[in-house]
Amino acid sequence: MKVVSLRRIYSSEIYKLPTTRLHMDTLYYYYFVSHLAAALFVDLPITEWLGGSLSCLSGLRRFYLSTYEDPILLIPAPWKTALFSSELFFQVPFFIWVSLRLRKKARDPVLWVAILIYGVHAFTTTWCCMFELFAEKKWMIMSFYFPYLAIPLWMAIDMGGRLVKSCHAAKSGPSSTITSKSD
């Protein structure tokens with residue numbers, strides 16, 4: 001039994017992305033970079049945690065909270081603490097990692113799985129926040145949150161599709177077989 005290198009499979013023609021996928025990856029790159037900024041400067045009270053030593057950065061957060069009175073950020077609740085801790089410990093490092101990978105235009109199924117997991121996670125957590133905003137009739141804030149609901153949902157669908165197509169191509173292509181019998 002001969003084992004074919006996974007590196008050879010991942011670099012084969014089935015993993016070359018069409019132009020539309022490259023455009024989507026560019027959109028995802030800018031989404032992750034902007035979400036990193038939003039997480040650090042608005043969502044997470046990092047400057048308060050650091051004792052106000054970076055007060056110039058907390059101005060954006062103070063402006064947002066005083067202008068829009070976002071109940072997700074203003075009214076404490078245990079479930080919100082859980083969401084914000086996942087944003088700090090899971091999403092922020094992920095944003096940095098995935099942005100670097102997308103900038104290099106990586107065509108790696110591991111990246112696709114990671115973005116799929118993120119997309120499902122971000123969609124479900126934002127969905128919960130949208131329900132609270134809907135109950136409070138905070139329409140303007142809902143419009144701010146909507147891209148963080150729609151884009152992760154699209155990412156999950158897109159990455160799931162990429163993975164399914166690559167699995168079908170790997171299964172049907174003769175050079176893409178993981179194992180093959182040698183004569």
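Residue 1 is the first one shown; counting continues down the chain.
The backbone N, Cα and C atoms fix where each Cβ goes, and this holds for glycine too.
According to Swiss-Prot, the feature domain 'EXPERA' maps to 24-156. Positions annotated as topological domain 'Cytoplasmic' by Swiss-Prot, on the basis of similarity to another entry: 1-25, 103-110, 160-183. Under the heading topological domain 'Lumenal', Swiss-Prot lists 47-81, 132-138, citing similarity to another entry as support. Marked as transmembrane segment by Swiss-Prot: 26-46, 82-102, 111-131, 139-159.
Tertiary proximity for the transmembrane segment (139-159) is limited to same-chain residues at least six positions away from its ends with a CB under 8 Å from its CB atoms, namely 24, 27-28, 31, 35, 68, 70, 72, 112-113, 115-116, 118-123, 126-127, 129-130, 133. Sequence-distant contacts of the topological domain 'Lumenal' (132-138) (same chain, six or more residues past either end, CB-CB distance under 8 Å): 68-72, 145. Taking the topological domain 'Lumenal' (47-81) as a whole, pLDDT averages 83 in the prediction.
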